[in-house]
Amino acid sequence: MRPAHAPASAARGGRALYELYRAASRAAAPAVLLWRRLRGLEHQSRWPERLGRPSVARPRPGSPLVWFHAVSLGEGMAALPVVFHCARLHPGLPILLTTTTLSAFKVIKDLLPDVVIYQFAPLDCPDAIESFIGYWKPSLILLMESELWPNLIMSAAEKGIAVALLNARMSLKSLNRWSVPLGLPLVSLMLSKLSLVIPLSTIQAVRFQLLHTPPNKIHFAGDLKYAVGDVEVREKELNTIKDLQRQFNDRPIWMAASVHRGEEEVILRVHGELIKAYPSLLLILVPRHPQDIKNVSLALKKHKVNFVLRSTMELVSINTRVYVVDTLGELRMLYRVTPIAVVGGSFLPSLSGHNFSEAAAAGCAVLTGPHVGHFYHMLVEMWQINPLAVKQLTGEAELLEVLKELLGDSKALEARQGAAKDAFSIMSHGVVNRVWNLVSRFAIDSQQKRGIVD
């Protein structure tokens, strides 16, 4: 289906709705920021950046600048390969990366090349956006996944700044919300201002077309989350890997990553059964949110399990049954010390999965639960390459059954490890190049390159 572009009357309706949104967002911004600060969701000293107030000087005033924006850790990690690619292709070009969440800040700031500036993203209110854009003067804005903010996009369009949406996705819930009479004119207006939309999948492309994205602006390149595993492992991480391998001392290991509240009970019941067959078995348990550590600790004590918290730097002994990772930003490194990775956020109906390409990149046998949300397209793509690349489980009983098989059958384990790594290699190959080629063609060229490329 190829929807017609929004007619002039719809465009006028979108403009009227935007003016209402603009006024409402300006009025609400002080209360929103105060509420977030009181809840500890903002950086204690850097919160003024959320109002568009810079904390560092802009390099080379008057020169072109590329602004990457991602909301949280997952989207920020997906942006990193493109950030590195841009920095390599255009040395000396100022690059700005913004995120919104504290978890993204804590992890990503230490992974960036020296040439990249990190700031917290401005709130989507007119004053903060105008202040931010007025100071940094970006030549190109690259938004990640679902970051559709009216003030940001409309302000950029008014100033002639190209905006592209990378790894674009639209959940069914968001599609339904934007499709109502009060939403469709506004989102159609916003989407018409974009220079490029690179969707995650065909389904996502259809959803953007249903919201009147001009079809000639939609182009495919692949999923940037496949490229996350290609980010170089630094020397510090290599030393940590060697240290953990010494502590684990060739014990049988499995890891449960990105475990959400409630899932720890599933994981610990399964681990308790596995220990009966493999007494020296070690579980690496990585909660999705550090604030859930208290619940995880209580569950471990209830199950009478001997555990160590990574943050305490206590050494793992032969009596340690669970190694709890209560630190941020180490998942990519931890996948390299385990042969089996169970990716959480997928064992309860209220959840919608997490990226499992990092585990595949590290050569793990990859398992996930039944609830994977928009990661289902990744699952299918990897299955098409090799059905053994990822095992989707029906629930707790099958998790126990498959883990017993992998722990007891080295050939089955090696087959799944090899399949995962091969599938990742094929799916990740060329993704970043394809994305950047599209950006160059549809965003940079549309702005007469603005000095960004030679």
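Glycine is no exception: its Cβ is also placed from the backbone N, Cα and C atoms.
The model shown is predicted, which means the values in this text are computed figures rather than measured ones.
Look at TrEMBL and you will find 46-227 tagged as domain '3-deoxy-D-manno-octulosonic-acid transferase N-terminal'. Marked as active site, proton acceptor by TrEMBL: GLU75. Among the features that TrEMBL reports, site 'Transition state stabilizer' is placed at GLU145, LYS225.
Sequence features annotated in TrEMBL and their locations in the structure.
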| residue | record | Cβ neighbours (10 Å) |
| --- | --- | --- |
| GLU75 | active site, proton acceptor | 25 |
| GLU145 | site 'Transition state stabilizer' | 23 |
| LYS225 | site 'Transition state stabilizer' | 25 |
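The separation of LYS225 (site 'Transition state stabilizer') from GLU75 (active site, proton acceptor), Cα to Cα, is 8 Å. For GLU145 (site 'Transition state stabilizer') paired with LYS225 (site 'Transition state stabilizer'), the C-alpha to C-alpha distance reads 11 Å. Mean predicted confidence for the domain '3-deoxy-D-manno-octulosonic-acid transferase N-terminal' (46-227): the pLDDT average there is 93.
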